[in-house]
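K.L.:
The structure is given below, and queries will be raised subsequently.
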Amino acid sequence: MGEVVELKSSQVIPLATSPSDTNTEAEAMQTITIIDGDPSKDITSSTSSQGYQHNPQEAWLPITESRNGNTYFATFHLICSGLGWKALSLPIAFASLGWTWGIICLSLAFAWQLYTIFILVRLHEAIPGIRYSRYMQLAITSFGPKLGNWFALFPVMYNSGGACILLIITGGGTLDILFKTICDGDTMCHAKSLTGIEWYLVFTCIALLIAQLPNLNSIAWVSLIGATTAVLYSTLIWVLSITKDRPIGISYSQSDEVKSNMEKFSDVLNALGIIALAFKGHNVILEIQGTLPSSPKQTSYKSMCTGVTISYIVIAMCQYPLAIGGFWAYGNKVPYSGGKGLLTLFSQIHGPNSSKLMMATIYLPILVNCLCTFQVYAMVVFDNLEVRYTSKKNQPCPRWVRTFLRIFYGGLAFFLSVTFPFLGRLAPLVGGATLPLTFAYPCFMWIAMKKPRPNGLVWFINMGLGCFGIVLTILIVIAAAWTLADNGLKANFYKP
């Protein structure tokens with residue numbers, strides 16, 4: 001289930017494994033044996049530079065192939081994966097909740113998800129000598145093979161694979177807009193523009209070219225670029241929004257007099273869903289921590305905590321100005337637009353009066369950020385594909401197999417993005433169903449793994465937050481389904 005570290009040189013303690021018929025990445029136990037005596041003893045695992053030994057399979061997989069990461073690398077990965085275009089819709093939530101409740105709900109959600117991140121960081125090495133470097137491993141260990149797969153499999157798959165599909169949709173669309181912005185009314189230039197499907201293909205090809213980097217540690221510089229561009233475009237949008245003239249007739253409240261109580265309640269739940277979905281990346285927290293070195297004297301906990309603290313200070317400095325500044329500038333006029341609300345409205349209102357250079361300066365960082373973020377989330381999928389091969393063949397993936405698997409997944413993600421180009425509009429519904437992975441499951445995992453005193457303060461806090469997270473998820477999904485049924489959905493299959 002996890003990676004076992006035994007403090008005695010001649011002994012490996014096996015964990016209870018899942019039944020052999022469960023075909024998951026966690027079914028094979030990964031072991032690490034720390035050498036505290038004579039390192040020349042005959043042990044089948046390979047010795048690492050930190051004086052402990054890895055199960056060979058761990059050294060073959062993209063997540064744990066390299067454990068030479070550091071706090072800086074972890075920070076880059078965390079910002080790149082945790083700060084995205086979903087934050088551009090935060091002003092929509094404020095339009096339903098108002099100034100006071102908007103700030104309160106955003107702050108509570110931020111604190112809640114940060115708390116669950118620190119839970120995951122602590123549980124990564126909850127038992128001395130054991131590392132859980134994948135969310136599914138920890139879920140199966142906490143809830144058991146059957147419940148762990150049932151609860152966590154879909155959220156992990158959607159938040160990794162689904163994120164890649166959404167990034168292709170967003171990145172391909174941004175490529176199209178960037179090209180049209182540069183053309184700026186040139187008829188001949190517009191005539192040579194690619195179709196939506198072709199722009200998706202261009203984005204996918206560039207992303208797959210970068211994706212040939214072998215493991216999560218090797219893309220640290222890619223995550224640095226992604227983190228930098230995320231901060232850049234977030235800052236540009238809110239700064240330009242508050243410095244330019246505000247639209248005439250903006251309002252800071254909804255027209256409640258024409259809405260029923262049920263519609264008002266649904267709007268509030270949808271606003272809470274938008275805030276909750278702005279926080280992402282919990283499905284890669286353990287994977288990022290798995291790239292850090294660890295030893296009995298100094299575990300990865302301190303380094304990861306430092307990385308989380310720095311990264312979420314940066315994320316907060318981007319999200320709060322986007323939410324507050326965007327709502328101040330445009331009020332309730334911000335459309336959802338598949339998660340790019342603030343960007344869409346800025347382009348509509350100020351785009352015609354802005355220079356090509358200014359608009360390209362906004363679109364280009366978004367494009368680069370999508371390419372970089374794709375690498376972080378896709379690495380989880382690549383790891384899952386390769387664990388199947390290595391478990392069956394008992395050998396590392398040859399270069400051609402690794403390349404084939406990544407191209408295969410890229411092709412599949414491209415096909416799904418072309419098939420469902422409206423997936424962004426379904427995010428409140430489908431993405432809402434995955435919220436327990438962020439807000440509830442870590443609390444239940446803490447209870448299952450740490451076993452705090454029943455009915456004690458720690459037990460009550462985690463049980464209360466976990467149960468509230470489940471109830472909130474159900475309500476958000478119902479509200480999203482209600483809104484979808486009320487407004488309808490333009491299902492433009494194969495027509496990006």
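Cβ coordinates are placed from backbone N, Cα and C, and glycine is handled just like the others.
Per TrEMBL, the feature domain 'Amino acid transporter transmembrane' maps to 71-479. Positions annotated as transmembrane segment by TrEMBL: 72-93, 99-123, 219-240, 310-330, 362-382, 403-423, 429-448, 460-485.
Tell me about the setting of these features in this model.
P.N.:
With a cut-off of 8 Å between Cβ atoms, the residues of this chain six or more beyond the transmembrane segment (99-123) that come close are 90, 93, 132, 135, 138, 252, 271-272, 275-276, 278-279, 282, 285-286, 289, 301, 304-305, 308, 312, 316, 319-320, 323-324, 327, 438-439, 442-443, 445-446, 449-450, 462, 465.
Non-local neighbours of the transmembrane segment (219-240) in the same chain are 69, 72-73, 75-77, 79-81, 83-84, 87-88, 210, 213, 311, 314, 318-319, 321-322, 325-326, 342-343, 346, 350, 358, 361-362, 365-366, 368-369, 371-373, 375-376, 379; each lies 6+ residues outside the stretch with a CB under 8 Å from one of its CB atoms.
Counting same-chain residues at least six beyond the ends of the transmembrane segment (310-330), those with a Cβ under 8 angstroms from any Cβ of the stretch are 71, 74-75, 78-79, 82-83, 87-88, 90-91, 93-95, 99, 102-103, 106, 110, 114, 117, 227, 230-231, 234-235, 237-239, 241-242, 244, 246-247, 250, 252, 278, 342, 345, 349.
A Cβ distance under 8 Å defines the sequence-distant neighbours of the transmembrane segment (362-382), meaning residues of its chain 6+ beyond its ends; these are 62-63, 77, 80-81, 84-85, 134, 156, 159-161, 163-164, 167-168, 170-171, 174-175, 177-178, 181, 203, 206-207, 210-211, 213, 215-216, 219, 222-223, 225-227, 229-230, 232-233, 236-237, 240, 283-284, 287, 343, 346, 402, 405-406, 409-410, 413.
Same-chain residues lying 6+ beyond the ends of the transmembrane segment (403-423) with a Cβ under 8 Å from its Cβ atoms: 161-162, 164-166, 168-169, 172, 196-197, 200-201, 204, 207-208, 211-212, 338, 378, 381-382, 385-386, 389, 397, 430, 489-496.
Counting only same-chain residues 6+ beyond the ends of the transmembrane segment (429-448), those with a CB under 8 A from a CB of the stretch are 112-113, 116-117, 119-120, 122-123, 135, 138-139, 142-143, 151-152, 154-156, 158-159, 162, 273, 276-277, 279-280, 282-283, 423, 459, 461-463, 465-470, 472-473, 476-477, 480-481, 484.
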